[in-house]
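Working notes, structure below.
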Amino acid sequence: MPAERTVPVGMRVRPSARRTTVAMDSQPRAVRRTNPKPTKPRMNDAQRHAMQDLFSLEARRRQELGEQDRLAHEIRTQKSLDIDQSIRAERLKSQENRAPEPSWRGYNDYEVEVFRAEQEQIQRVLRAEIVQQREQIRLLRSAADEHNLAHETMVQANRTLTAQIASLQEQLATYDAKTHTLHAEVQATRTRNAQLETQLSEAESLRRKLHNQVQELRGNVRVYVRVRPARNDGELASITYPDPMLHSQIELLSQAENAMGQPTVRQHAFGFDHVFPPQATQEDVFAEVSDLMQSVLDGYNTTIFAYGQTGSGKTHTLEGGANTVSHKIDTSAGLIPRAMHMLWDVAHRLKTQGWTYEFHAQMLQIYLDQVSDLLASSDSSSREKHEIRHTENHTNVTNTVVVPLSSAEEVFELLERAKKRRQVAATLMNDRSSRSHSVFILRVRGTNSVTNEVCDATLNLVDLAGSERLATSGSASDPSRLKEAQSINKSLSSLGDVIGALSSNHGTRHIPYRNSTLTWLLKNSLGGNSKTLMLLALSPLKAHMNESLCSLRFASKVHATHIGSARAIKSSTEA
Ligand SMILES: Nc1ncnc2c1ncn2[C@@H]1O[C@H](COP(=O)(O)OP(=O)(O)OP(=O)(O)O)[C@@H](O)[C@H]1O
């Protein structure tokens with residue numbers, strides 16, 4: 001195996017390696033010089049292989065080093081080429097810009113200068129970018145802050161609204177529950193009210209029924225008292241109504257003197273079927289009278305007479321402020337128009353049970369004890385003589401106008417016609433005082449096509465002349481007024497006599513109906529076969545206290561009268 005080794009082409013041998021080679025070469029020569037031919041050391045195969053590996057490793061290492069040197073050389077070469085190229089480019093650029101020639105200090109300085117300039121330029125650009133970025137970051141942060149703040153506010157507002165919604169929902173639920181409870185309560189109250197109304201209505205019907213029974217047992221004379229409201233026309237009397245629930249009592253306090261001549265107060269208490277205080281309306285009064293209208297359709301003769309001193313409200317109660325324009329019932333309408341409307345209404349309802357009713361009206365006046373016809377023409381009235389005739393159940397007055405009525409409204413025209421003919425004269429107590437008795441007579445005939453029943457009844461509504469005494473009315477000084485007052489008082493006292501006789505009559509005693517035209521006309525209405533209502537009108541004034549007491553005493557007498565039980569007048573069309 002040779003001691004020299006071959007170096008690959010292009011591979012530079014390092015000095016150390018060369019030295020090693022020299023040492024290796026010199027040593028064997030010296031050995032060769034000093035020693036006789038040495039015996040070749042023998043290497044075994046393993047050593048030989050190790051050596052071969054060593055050599056091949058060394059060869060590879062050297063090859064790699066040479067390769068690295070070659071690459072480094074190429075890079076340097078390339079770099080110097082690049083620098084030359086950039087120098088040429090810079091020269092061209094400077095020539096183009098006519099910039100002063102750079103002060104050359106060699107390639108390295110120039111390279112450093114260019115590099116520094118580039119770096120400074122890059123730094124400037126980067127700094128500017130940094131500044132821009134910072135500004136953008138600052139703006140973004142500020143926007144983010146604002147956004148965060150707005151978000152926070154919205155979150156807060158949202159939280160508040162959510163809380164409010166929850167609270168409102170809670171309130172709503174409470175209200176719902178309350179409403180539900182209230183609905184249930186209202187429903188229960190309505191049911192209870194309906195029950196109470198039914199009970200009340202039943203109780204009212206029972207009350208009226210029992211009341212009618214009591215009236216029939218008492219002989220069918222009812223007495224109602226009505227005190228008219230004050231009209232600023234004087235000092236008020238002391239009048240009280242002790243039983244506001246039953247409305248049946250009235251008490252008056254009067255000034256008097258005792259035996260010693262000292263002033264004392266006297267109490268006068270009266271009881272009637274009903275007492276209406278001044279605040280009672282026309283409707284209230286009619287409500288207590290309306291059952292009598294049903295009695296008329298059932299065939300009972302019925303008489304209502306208004307009694308009381310002048311100006312106490314008799315005409316107002318019976319006729320009221322009749323609405324002559326529309327002929328409708330308004331609040332001031334009195335008993336007569338209301339009664340007519342009710343009769344027509346009930347008659348209309350009874351049609352379904354086969355009843356057909358006919359109505360005929362008359363209006364008479366008794367003035368100076370003479371009957372006259374308020375519906376007759378003015379000429380005939382003065383000439384005609386009227387005679388009162390009684391059959392068993394009915395009373396007829398000859399030569400009087402009987403008007404068939406086809407509607408309730410027609411009665412307003414009759415009242416107007418009658419009012420014009422009624423004798424009205426001025427007195428000291430009432431400047432439109434009615435100096436005559438007026439009688440509205442309604443004949444009712446009902447026939448039933450199913451049962452063939454016939455009902456005949458008469459309704460008398462009597463507006464009596466003022467009951468005042470001669471001294472207080474001022475009639476004494478005027479002969480014609482005196483004659484009127486005497487006639488009025490005579491007929492009213494005859495009425496009292498008849499009622500007195502009826503109350504003490506047991507079927508044997510003579511009843512003085514003929515003592516006055518008034519009592520004779522009302523014979524069938526007072527005699528026991530009819531229902532009678534006396535409506536006493538009272539003045540509320542202290543100045544009329546004595547007249548009021550007289551009227552109350554007379555009404556008490558009537559109230560105490562028993563004149564038998566009324567019976568309906570019924571027959572059959574088949575008879
Ligand atoms: N209840 C009342 N409400 C309102 N005003 C009333 C009432 N009663 C009577 N008046 C009024 O009192 C006045 C006299 O009443 P009215 O003419 O009815 O008395 P009278 O008793 O009929 O009198 P006379 O016997 O003189 O005819 C009238 O103006 C009437 O309107």
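Numbers here mean position along the shown chain, with the first residue as 1.
Just so you know, glycine gets a Cβ as well, placed from its N, Cα and C.
Keep in mind the model is a prediction, meaning the values are calculated, not measured.
Taken straight from TrEMBL:
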type	residues	note
BINDING	Gly308, Gln309, Thr310, Gly311, Ser312, Gly313, Lys314, Thr315	ATP binding site
COILED	151-220	coiled coil
DOMAIN	220-561	domain 'Kinesin motor'
REGION	17-45	region 'Disordered'
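Structure coloured by features recorded in TrEMBL.
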residue: Gly308; record: ATP binding site; CB count, 10 Å: 29
residue: Gln309; record: ATP binding site; CB count, 10 Å: 26
residue: Thr310; record: ATP binding site; CB count, 10 Å: 26
residue: Gly311; record: ATP binding site; CB count, 10 Å: 23
residue: Ser312; record: ATP binding site; CB count, 10 Å: 29
residue: Gly313; record: ATP binding site; CB count, 10 Å: 22
residue: Lys314; record: ATP binding site; CB count, 10 Å: 28
residue: Thr315; record: ATP binding site; CB count, 10 Å: 20
Contacting binding-site residues, sequence order - Gln309, Thr310, Gly311 vs ligand 1, Cβ under 6 Å: Thr310, Gly311
Average pLDDT across the domain 'Kinesin motor' (220-561), rounded to a whole number: 84
